[in-house]
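Take a look at the structure set out below.
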Amino acid sequence: MARDATKLEATVAKLKKHWAESAPRDMRAAFSADPGRFGRYSLCLDDLLFDWSKCRVNDETMALLKELAVAADVEGRRAAMFAGEHINNTEDRAVLHVALRDTSSKEVLVDGHNVLPDVKHVLDRMAAFADGIRSGALKGATGRKITDIVNIGIGGSDLGPVMATLALAPYHDEPRAHFVSNIDGAHIADTLSPLDPASTLIIVASKTFTTIETMTNAQTARKWVADTLGEAAVGAHFAAVSTALDKVAAFGIPEDRVFGFWDWVGGRYSVWSAIGLPVMIAVGPDNFRKFLAGAHAMDVHFRDAPLEKNLPVMLGLIGYWHRAICGYGSRAIIPYDQRLSRLPAYLQQLDMESNGKSVTLDGKPVSGPTGPVVWGEPGTNGQHAFFQLLHQGTDTIPLEFIVAAKGHEPTLDHQHEMLMANCLAQSEALMKGRTLDEARAQLQAKNLPASQVERIAPHRVFSGNRPSLTLIHDMLDPYTLGRLIALYEHRVFVEAQIFGINAFDQWGVELGKELATELLPVVSGKEGASGRDASTQGLVAHLHARRKA
């Protein structure tokens, strides 16, 4: 069926009415009255548990949300994506990051062409190159083994590889991985300063080989290599992830060190492609294939499972409920796993660049809120930074906890138990809160004077009723990481379909880039600032004055 705008609008209205009527409901009372609540509002896929029972929903909520998914034709749009249809309508492109991890023998067609053999060819080339670097068969220009790789990219060419490489640290042997993204010269200077060009491989990740930040840093790195080892050494110390073979050749990188990908792969969905080359070199081709396999398992589940048993669909529906119906403007991603410390930033781009839109697929203004602000930090660090606001602030911010049942350090299992206890405690505290009477009783138990009890008790009240969901997996390994990332990718897709927006373009990044190009000669003093707004003129004048001071 096609998207039913009339039914969609009616269901949204029913959801808003339902929220207004059920909002005062106390979550502690809901759990006390319903021992089966956890069982009804949780799902498992193998070892992965998704629990949303601490969100402010009931059976009517879930029935209406499923009705919403049907009206939005989530299943039809999902089928269109997997079939290679051009669902990215503003750029007239297919959206097939799922093909990058498809290990089946089925055809995946884009405009009549089966792309799976192309995907396999690039993956095999990546594996051969990674094995060569890791084994020392592919050496630097002076004959030394490569001990360090530096990935130069930005956005999707950086956030995914950084996140995955850090997350899979227990699977590293060598070489060491480093990442440069910012145009700020301090980033590349600090990265290169402790390294030796003779044992360093630099990967330049830019599809067009024109991305200003990436190419500026790449030229700096090229000069670093050439000044030390000579111009002829450049080819042995660089590789590229790009489709612009002419530009790559002009830079000095041999074609056999160039790895391409396709326009049906968006940047924020590209870690599965050649963009993941630094990850593959760091953890090895076998582990990278396990990473792909985990994502593919989630793809199959998302494609085949019924709506009410489908983890990405349920996660997306809860996300929509929080954003569009409850009116919560942000969501906090809190992985209780230090190695997932870059996951919030990765999901920030995935979600906000995808669903930060204000027009519908047909170019009309949206009728309600779209994607939330996404942010977060790993636990327990966040508890000592911003959890105060989450517990007692005036804004309700849903939390998404992620934790593993087991860690990689068996001799430190007691610390992992403390980590898990903190994660579950925060989830429980947000839901239960603490009443004024409970705060008084706690203070009275300390034999404090009555006046002090009355003075302090209001400050120790927690409203509770603050929603959170929890994802638990066995252990963070390549398969688990791939499955987790694919879960969030498909969650974003589901929310976008209900919002009625295109999750696969990013025109919002263009205007600032255009103006930066115009302003560069102004900032450098080659052109004047006349014709620009008074604020920009004043800022330019101040910068010029301070640079001369």
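Residue 1 is the first one shown; counting continues down the chain.
Placement of Cβ uses the backbone N, Cα and C atoms for every residue, glycine included.
Since we're looking at a predicted model, the values are computed, not measured.
Pulled from Swiss-Prot:
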ACT_SITE  Glu353  active site, proton donor
ACT_SITE  His384  active site
ACT_SITE  Lys513  active site
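The two recorded residues, His384 (active site) and the residue listed as 'active site, proton donor', have Cα atoms 29 Å apart.
Annotation for Glu353 (active site, proton donor): same-chain Cβ neighbours under 8 Å, separated by at least 6 residues, are Arg268, Gln506, Gly508, Val509. The C-beta environment of Lys513 (active site), restricted to residues of the same chain at least 6 apart in sequence and closer than 8 Å, consists of Ile212. DSSP assigns Lys513 (active site) to a helix.
Summarising the environment of His384 (active site), the number of other Cβ atoms within 10 Å of its Cβ, over all protein chains shown, is 10.
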